[in-house]
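Below you'll find the structure, written out as structure tokens, and then a few comments.
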Amino acid sequence: MNPSEMQRKAPPRRRRHRNRAPLTHKMNKMVTSEEQMKLPSTKKAEPPTWAQLKKLTQLATKYLENTKVTQTPESMLLAALMIVSMVVSLPMPAGAAAANYTYWAYVPFPPLIRAVTWMDNPTEVYVNDSVWVPGPIDDRCPAKPEEEGMMINISIGYHYPPICLGRAPGCLMPAVQNWLVEVPTVSPICRFTYHMVSGMSLRPRVNYLQDFSYQRSLKFRPKGKPCPKEIPKESKNTEVLVWEECVANSAVILQNNEFGTIIDWAPRGQFYHNCSGQTQSCPSAQVSPAVDSDLTESLDKHKHKKLQSFYPWEWGEKGISTPRPKIVSPVSGPEHPELWRLTVASHHIRIWSGNQTLETRDRKPFYTIDLNSSLTVPLQSCVKPPYMLVVGNIVIKPDSQTITCENCRLLTCIDSTFNWQHRILLVRAREGVWIPVSMDRPWEASPSVHILTEVLKGVLNRSKRFIFTLIAVIMGLIAVTATAAVAGVALHSSVQSVNFVNDWQKNSTRLWNSQSSIDQKLANQINDLRQTVIWMGDRLMSLEHRFQLQCDWNTSDFCITPQIYNESEHHWDMVRRHLQGREDNLTLDISKLKEQIFEASKAHLNLVPGTEAIAGVADGLANLNPVTWVKTIGSTTIINLILILVCLFCLLLVCRCTQQLRRDSDHRERAMMTMAVLSKRKGGNVGKSKRDQIVTVSV
């Protein structure tokens, strides 16, 4: 290869530099993110607030801690810039830039729960055996066994003390309770024959007689039938136990601490010595009757009990009645007899049979009670939605009024497999919550308002020079307006009636009715009817809110109200506390908020949906009437006279022109007829005189 060929093949150095320049220029302009476009809705950003800077500093500090980087001013600045860059570069969802309208919304039956408190009405608890446990019976529970025991972590608030069962502060403690009936006997040595039932119940305080709250509890004595003074007598059939509610002579205190004072007026039967006419060495000289400790042990350890004494055995506080605890401090609430049905089902009940015999020892009467048990009855108690049971390590914090539980289980039924190392918290579905929501358009009560607004934007803003075009299509516009208004009113009505009820029923079934679908074949049962009444009562309250509120037309599952959300008045922390169910001085004032929203709804209910928009259409069309343009001009008599003369002159001119046009038309018609006659003559003018020719032509 000669030097000339090498020079020809080697690219010139200057050309290489010239080809690299455009690439460098393009690399400088290349970006990895999408091109940012300024939209019409884009607004100028406001300067950052102190709260935003404080939050940015916290995020930067947390980032440096996670990355184990020393916190210096330079690193803090770089971390803050990185966070701002990441937030700004996040993709914005469609329509988010235009979501500048925030209103209060009422969401009925959200997927949230709250604790049932002592101030709530009693809960329906169903049992599978009403012979041994009084109450409504239902042996079909749980409806969804595969869903029992689902794990959940809760952190909810409360205002009144919550209902909790178990060995924990703020919960009612479990204990064994006995109920005794007397069976007639004819044996000469047998004084009495007994049937006794033992089961789990609610544990009273040991020193309840000395407690200062006992005297105060006397004023809360319920109005009911007093308990009998004799042991109830029943037949020899051990499978029959008749429960009869009664009020004991004294109340027992189940709880008296910072969580409140809980009392119970049901009888607490137990064996003790009858010391009537005996010496002071009788054990009943104690202030508190001697309780048989053996009977309060585990129900599975002993199947035979023997009580022996030189003093007669008596059964105190007669009556076959279930516990009915109620709160009396710091507030007074209703009785809750359903709680005992949950505790008694946590372990099988044991049935005892025995008698009391009288013997002689050392020339003294000797009394012996023999009790034997060979029968146990397993039980199951269940609740139905909207109620559920949270089982686990429940912690109640009275200072912050919060309830927490990690790795808890959601149940609807309790049976003999329950472990009392856990606690039971009774919860229910939230009836509704108030939350602020954002919309990409202003609040509208009816779709007719939205449709007519769009129509008016394209019609009423036109110039008056299009008056003749508007008149040509005026009937079409009226038809569109009427159709839109009718459709808006119809859709508004359907949202609050058929569609809303259908969506509400579907959503509520998916959320809370998944475990308890009412069986149509057994719908005539009383218990199903009672539960349905409770279930529908909450729905009626929700519907009552919907009828009182004016909602946005484009929502059906919840109601967006016309009340604008004011962040300065209700900050998000208040909303968060409301969602947690906490009610304190810092919580959202729901009653005040409801009054404001109802007032705003009343203002919008004064007009039928679409009436305001239709009135705007009528005013706009009236402005396009040409008569109104000169209405203000013809306000004087002289101007009116001039206008009349001008109109008469124009009319005269039109008449003169019409007459002239008519004469010209007649002349042209005659000439055409003459020409037609002359063209039809075959011989022309031969044989006729000149006079005739002249006359003919002149015609």
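Note that Cβ sites are derived from N, Cα and C of the backbone, with glycine treated the same way.
These features come from Swiss-Prot:
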- 10-20: compositional bias 'Basic residues' (COMPBIAS)
- ASN100: N-linked glycosylation site (CARBOHYD)
- ASN128: N-linked glycosylation site (CARBOHYD)
- ASN153: N-linked glycosylation site (CARBOHYD)
- ASN274: N-linked glycosylation site (CARBOHYD)
- ASN355: N-linked glycosylation site (CARBOHYD)
- ASN372: N-linked glycosylation site (CARBOHYD)
- ASN461: N-linked glycosylation site (CARBOHYD)
- ASN507: N-linked glycosylation site (CARBOHYD)
- ASN554: N-linked glycosylation site (CARBOHYD)
- ASN566: N-linked glycosylation site (CARBOHYD)
- ASN585: N-linked glycosylation site (CARBOHYD)
- 1-47: region 'Disordered' (REGION)
- 466-486: region 'Fusion peptide' (REGION)
- 1-89: signal peptide (SIGNAL)
- 654-699: topological domain 'Cytoplasmic' (TOPO_DOM)
- 633-653: transmembrane segment (TRANSMEM)
Here the Cα-Cα span from ASN355 (N-linked glycosylation site) to ASN128 (N-linked glycosylation site), rounded to a whole number of angstrom, reaches 30
Within 10 Å of each Cβ, count the other Cβ atoms, then let me know which of the glycosylation sites ASN128, ASN355, ASN566 comes out lowest.
-> ASN566
Which site among ASN153, ASN274, ASN372 has the most other CB atoms no more than 10 Å from its CB, taking these as glycosylation sites?
-> ASN274
Do me a favour and check the Cα-Cα span between ASN128 (N-linked glycosylation site) and ASN372 (N-linked glycosylation site); whole Å is fine.
-> 26
Restricting the comparison to the glycosylation sites ASN274, ASN372, ASN566, which residue's C-alpha is spatially nearest the C-alpha of ASN153 (N-linked glycosylation site)?
-> ASN566
The rounded CA-CA distance in Å from ASN566 (N-linked glycosylation site) to ASN372 (N-linked glycosylation site) is 71
If one measures from the C-alpha of ASN372 (N-linked glycosylation site) to the C-alpha of ASN274 (N-linked glycosylation site), what distance in angstrom results, rounded to a whole number?
-> 23
